[in-house]
Amino acid sequence: MAGKTLYDKLWDSHLVKQRDDGSALIYIDRHIIHEVTSPQAFEGLRLAGRKPWRIDANIATPDHNVPTTPERKGGIEAIADQVSRLQVQTLDDNCDEYGIVEFKMNDVRQGIVHVIGPEQGATLPGMTVVCGDSHTSTHGAFGALAHGIGTSEVEHVLATQCLVAKKMKNMLVRVEGTLPFGVTAKDIVLAVIGKIGTAGGNGHAIEFAGSAIRELSVEGRMTICNMSIEAGARVGLVAADEKTVAYVKGRPFAPKDAEWDLAVEAWKDLVSDADAKFDTVVELDAAQIKPQVSWGTSPEMVLAVDQNVPDPAKEMDLVKRDSIVRALKYMGLSANQAITDIQLDRVFIGSCTNSRIEDLRAAAVIAKGRKVASTIKQAIVVPGSGLVKAQAESEGLDKIFLEAGFEWREPGCSMCLAMNPDRLESGEHCASTSNRNFEGRQGAGGRTHLVSPAMAAAAAVSGRFVDVRELI
């Protein structure tokens, strides 16, 4: 019998029923809830006279709409936007009504859903994990089958603890070799997207493997899996190993005592078999990857920091040529312009991609002893959770950022998306550690450039993009 991929094993172990139409019913182990995609789901339960099927499989926190400034200490009433305030209050009310564990806005455990799940040990190897957010793929870094779902599916999972889904194809992205000094997980995943495009992973679950992936920390792997959706794949996976086990051990939701020993033994099988067959294989040489910067309005529009913006006149494909022309116009850039000549207005270090303690440490190394350039209007650092914030402060990272001229904020999704007060003005260029650079993503007319935390910090102190390796 042919070997199985990691994705195959996870799928098969959660398959409840295969349906005649090609879809299947799978069991969901963990459901993470936030304020934006859950109100209608809870109301649907209420109207149908149902209750959540398994209370302890759910955890919740507000993140998308919460302000990151100190005023939020005043509670929900401090949220200025009426819709945002209502969504956060509704999440609190729904979780209180049904007894669902929620880390409310001013709880130290509050944070971005894809930070607090792993941080609490609520994400474990071998699990199925869903959330009403497309970057749920983040949790695949633990050898878990994780992906985003829509609001109607949120209701379905709440009511039944199951989900109707179709099995995906298998893609292997193998990154072998040693990363050059100063090159990070964010650079790997941007390079992958640049290679295969934003549709490259459509219909696939991507397993990231190879020596360069194994060398990454668990937090680095989360960054990789987080952006699998930007490569077109709803699911990103990294096989569980000793790093995974060490990260999870002792966390609040992790198994204890004898159950822990049994779990660790079971997790050893969460790898693709040596003879497993993948539908698509993509290979990258880690040694060839440089610090990356997105220049356009799609994550696939990405280049190494030492390259120039493309010239549409040199593009033979008419569709691609038109997209380059449109992106250049929106971004206010010129053909053949050097990436290092792009002048910046704001810098954002945060998001579910890059707001964990290792990300903040990497940025602080660059910020230490330097000052934010006078041409930068604002540079903000937004920890991914209250616990990340507390850890960073215990290490003195907040002081490094503040002394350099950065703003040190409360946890939340912040400037990743224009659903809270942190946003760009039209025409502003932002070096951002987030995951999407679509038109208007960070604010109407805002121009987003995706980079690693270290590259963002380097841009902040330089006023433009520079090769971070020159500052280390």
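Placed from the backbone N, Cα and C atoms, the Cβ positions cover glycine too.
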Among Cys225, Cys352, find me the residue Swiss-Prot lists at the same [4Fe-4S] cluster site as Cys413, Cys416.
Cys352
Can you check which residues sit near Cys413 ([4Fe-4S] cluster binding site), meaning Cβ under 8 Å from its Cβ, same chain, 6 or more apart in sequence, and list them in order?
Asp63, His64, Val66, Ile112, Gly350, Ser351, Cys352, Met419, Asn420
What is the set of residues, excluding Cys352, Cys413, Cys416, whose C-beta falls within 8 angstroms of the centroid of the C-beta atoms at the [4Fe-4S] cluster site?
Asp63, His64, Ile112, His114, His135, Gly350, Ser351, Thr353, Ser355, Gly412, Ser414, Leu417, Ser434, Asn435
Which number gives the other C-beta atoms within 10 angstroms of the C-beta of Cys416 ([4Fe-4S] cluster binding site), all protein chains shown included?
29
What is the Cβ neighbour count of Cys352 ([4Fe-4S] cluster binding site) at a 10 Å cut-off, with all protein chains included?
27
